[in-house]
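Enquirer: Could you have a look at this structure, given as structure tokens, before my questions?
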Amino acid sequence: MSYTHLTISERVKIETYLELDYSIRKIAKLLNRQPSTISREIKRHAGSTADEAQVRYHQNKSNCGAKSKCTPEVKEAVQEKLRDTWSPEQIVGRLYQGQLSFKTIYRWIYDGLLEVPITVLRQKGKRQKPRETRGRFNIGTPISKRPKEVRKRETFGHWELDTVVSGRGKAKGCVATFIERMTRWYVGFLIP
């Protein structure tokens, strides 16, 4: 269900049509709105001009939504604990369990709502990157260092090899794969 709020020009037209003693239904038809919308607008802003109604609309709209949890008391307490080298997780766990999220504290720091530098954090504001868990293969020539004739696939006898490990089941299977570059001949061996 989509709808649009009344604009200032529509409010001015409603005010003008009411001065001309138009009925609510006629005003609604002229503005291509539902009569109930016009009726609610008239009741909500009775005795007000269109400009006053628009100002009141903006005031009410600014009061919508969830209230900020960043009150001056909470802000001061969180800043004090951060300066005492507490982590946001510790602050939430010990002081604001169920009231505040540690992610909220991080967001406040990054958005500049708290007057503390990012360096007060344990990791100094650096996001953790996932570590590489696969092993390194240091034997042989890396692909970036191979000769141009190998890249062009003009000569026979240049092989690429790899291993594939299955993560399924208790007994993980492993296959060694060999591919000849020129002919694209593919061989795979099951490794017990």
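First residue shown is number 1, and so on along the chain.
Even glycines carry a Cβ here, placed using N, Cα and C.
Curation does not apply to TrEMBL; its annotations are automatic.
Pulled these features from TrEMBL for this protein:
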type: DOMAIN; residues: 2-45; note: domain 'Transposase IS30-like HTH'
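Tell me about the setting of these features in this model.
Expert: Long-range contacts of the domain 'Transposase IS30-like HTH' (2-45) within the same chain: residues 51-54, 56-57, each at least 6 residues beyond the stretch ends and with a Cβ under 8 Å from a Cβ of the stretch.
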Enquirer: Summarise the model's confidence over the domain 'Transposase IS30-like HTH' (2-45) as a mean pLDDT value.
Expert: 91
